[in-house]
């Protein structure tokens with residue numbers, strides 16, 4: 001009944017993702033972190049007009065605050081990966097929460113735009129980056145079977161927080177001004193520390209228990225049964241405590257694993273994601289101005305973004321549920337390719353929309369496709385590289401995406417200024433997204449399917465989790481060497497063996513003297529010479 005006790009000679013089972021339990025708390029924390037990371041740079045834009053008046057700068061100057069936040073979120077990916085691999089997720093997230101909060105609090109006391117760049121831009125952006133990546137890594141460790149659904153629910157934090165922080169920022173601006181609003185926003189960012197505190201490592205305390213249980217399990221298997229086994233176990237435990245200096249040094253964990261570039265799937269994903277980001281963010285950035293140029297009133301034009309956000313809230317969890325189906329999950333890369341194709345075709349088909357109804361229809365379909373892309377992007381990456389290398393993979397991918405973010409939207413803005421035509425921009429952005437979808441689907445089918453036909457290599461159980469077992473075996477071996485060095489126990493054991501042999505020979509002589517034959521089993525086990533040739537002939541006659 002219940003779980004086997006590792007103390008009774010049973011090896012503890014390896015730690016597996018629970019797909020629930022405390023994982024739901026981790027999921028909620030990831031939901032909050034994702035919401036702050038993606039929505040906060042956009043929500044800060046409600047303060048731009050006041051900042052322009054106080055600092056006497058233009059809109060482009062204030063827009064750099066959001067751009068620096070996003071650049072820090074994407075560009076510091078490798079730095080975050082190194083810190084996570086070195087210190088773990090929870091300490092990094094706690095530090096990130098403090099930095100993000102401190103950045104906004106210090107920004108409320110700034111006197112020029114440069115100081116805002118350094119505080120609200122660099123410091124807050126770095127803090128959010130140190131929270132975003134570790135939260136996704138922890139989500140992948142707590143969920144396996146339900147991971148697509150978990151990723152979809154966590155990704156829904158972006159539209160939920162965007163629809164909440166923007167109105168909240170407007171209220172704070174009206175009541176407390178931009179300085180009071182920044183101060184309160186900095187206090188809200190302290191919730192990132194709370195989310196980091198709940199990111200409990202899944203294997204915390206398990207390595208010590210597994211090592212102790214494996215030591216005793218190996219000792220019971222290798223030493224004699226009875227009182228000697230207990231003595232051997234105690235010897236093993238005592239030897240383990242005093243042999244720290246004799247242990248072989250463990251191999252240091254890679255701070256940033258570049259071996260993932262040997263994975264064809266990762267290369268394909270990275271290239272397609274770079275092309276995708278070039279055009280993915282262009283339509284929502286230019287949508288409001290595009291609607292205004294077609295004659296749509298300002299309030300109705302701003303409502304278009306709310307439509308996209310509302311649809312996005314439901315599209316991401318729904319897509320996560322679909323991706324978690326048994327017959328869909330093995331082909332999740334193709335579902336991701338379809339979502340990108342859907343998004344790109346939506347941009348192309350809406351390029352000629354000339355009235356408000358057409359733009360509303362575009363927002364509905366764009367919200368669905370955009371939510372699908374957001375729900376699947378990290379799920380596909382986890383499926384390609386696995387949870388062990390995900391910390392390094394996401395850092396490198398975000399760094400590559402940072403270049404695309406700095407190229408795509410600014411280039412689209414310059415083309416709008418030069419051509420004075422939004423239609424061409426929508427065609428260009430949609431074509432880039434469609435190209436990324438076709439590349440991902442075609443490359444996955446041609447390259448990865450060809451690799452699946454080759455027989456998979458045998459899994460080595462000692463890789464990625466056998467270090468504790470190897471240490472347990474080395475502990476037992478050293479305990480045996482220690483016991484052989486102790487002369488007194490060895491001498492007593494030899495005496496016991498000699499006494500047992502003499503007793504066996506005495507029994508054999510008594511049986512031979514009484515005329516009782518030796519059975520086949522007894523003659524072979526006790527002493528083969530105890531049965532003479534006459535007894536062997538007599539045994540053969542039967």
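Each Cβ is built from the backbone N, Cα and C atoms, and glycine gets one as well.
Keep in mind that what you see is a predicted model, and the values were worked out from it rather than measured.
What TrEMBL lists as transmembrane segment is 21-40 (among others).
The annotation domain 'Major facilitator superfamily (MFS) profile' is assigned in TrEMBL to 23-448.
Annotated transmembrane segment per TrEMBL: 63-84 (among others), in sequence order. Outside the transmembrane segment (63-84), and at least 6 residues removed from its termini, the chain residues within Cβ reach (under 8 Å) are 37, 40-42, 44-45, 48, 51, 92, 116-117, 120-122, 124-126, 128-130, 132-134, 137, 255-256, 391-392, 394-399, 401-402, 405-406.
Residues annotated as transmembrane segment in TrEMBL: 91-110 (among others).
Long-range contacts of the transmembrane segment (116-137) within the same chain, counting only residues at least 6 positions beyond its ends with a Cβ under 8 Å from a Cβ of the stretch, are 29-30, 33-34, 36-37, 40-41, 44, 51, 55, 64-65, 68-74, 76-77, 79-81, 83-84, 89-90, 92-93, 95-104, 106-107, 110, 154, 182, 189, 192, 195-196, 199, 378, 387, 390-391, 394-395, 398. TrEMBL lists 116-137 (among others) with the feature transmembrane segment.
According to TrEMBL, the feature transmembrane segment maps to 181-202 (among others).
The transmembrane segment annotation in TrEMBL covers 255-282 (among others).
Annotation comment: TrEMBL describes 302-325 (among others) as transmembrane segment.
Annotation comment: TrEMBL describes 332-353 (among others) as transmembrane segment.
Annotation comment: TrEMBL describes 359-378 (among others) as transmembrane segment. Long-range neighbours of the transmembrane segment (359-378) within the same chain, counting only residues 6 or more positions beyond its ends whose Cβ lies under 8 Å from a Cβ of the stretch, are 136, 148, 151-152, 155-156, 158-159, 273, 276, 280, 283-284, 287, 290-291, 294, 296, 304-305, 307-320, 323, 332, 335-336, 339-340, 342-343, 346-347, 349-350, 353, 394.
Look at TrEMBL and you will find 390-412 (among others) tagged as transmembrane segment.
Sequence annotations record features per position, and here TrEMBL assigns transmembrane segment to 424-448 (among others). When Cβ-Cβ distances below 8 Å are used as the criterion, the transmembrane segment (424-448) is approached by residues 264-265, 268-269, 271-276, 278-280, 282-283, 286, 290, 333-334, 336-341, 343-348, 350-351, 408, 412, 415-416 of the same chain, each at least six residues removed from its ends.
The region 'Disordered' annotation in TrEMBL covers 454-524.
According to TrEMBL, the compositional bias 'Acidic residues' annotation covers 468-478.
Taken from TrEMBL, the feature compositional bias 'Basic and acidic residues' applies to 503-513.
Long-range neighbours of the transmembrane segment (91-110) within the same chain, counting only residues 6 or more positions beyond its ends whose Cβ lies under 8 Å from a Cβ of the stretch, are 33, 36, 80, 83-84, 116, 119-131, 134-135, 179-180, 182-183, 185-187, 189-197, 199.
By number of Cβ pairs under 8 Å, the transmembrane segment (302-325) is matched best by 332-353 from the list 21-40, 181-202, 255-282, 332-353, 390-412. The transmembrane segment (390-412) makes no contact with the transmembrane segment (181-202), as judged by fewer than three Cβ pairs under 8 Å among residues 6 or more apart in sequence.
Ranked by Cβ pairs under 8 Å to the transmembrane segment (181-202), the stretches 21-40, 255-282, 332-353 are led by 21-40. Tertiary neighbourhood of the transmembrane segment (255-282): same-chain residues 78, 81-82, 85-86, 333, 337, 340, 343-344, 347, 370, 373, 377, 380-381, 384-385, 389, 392-393, 395-397, 400-401, 403-405, 407-409, 412, 425-426, 428-433, 435-437, 439-440, 443-444, 447-448, 451, selected by CB-CB distance under 8 Å and a gap of 6+ residues from either end.
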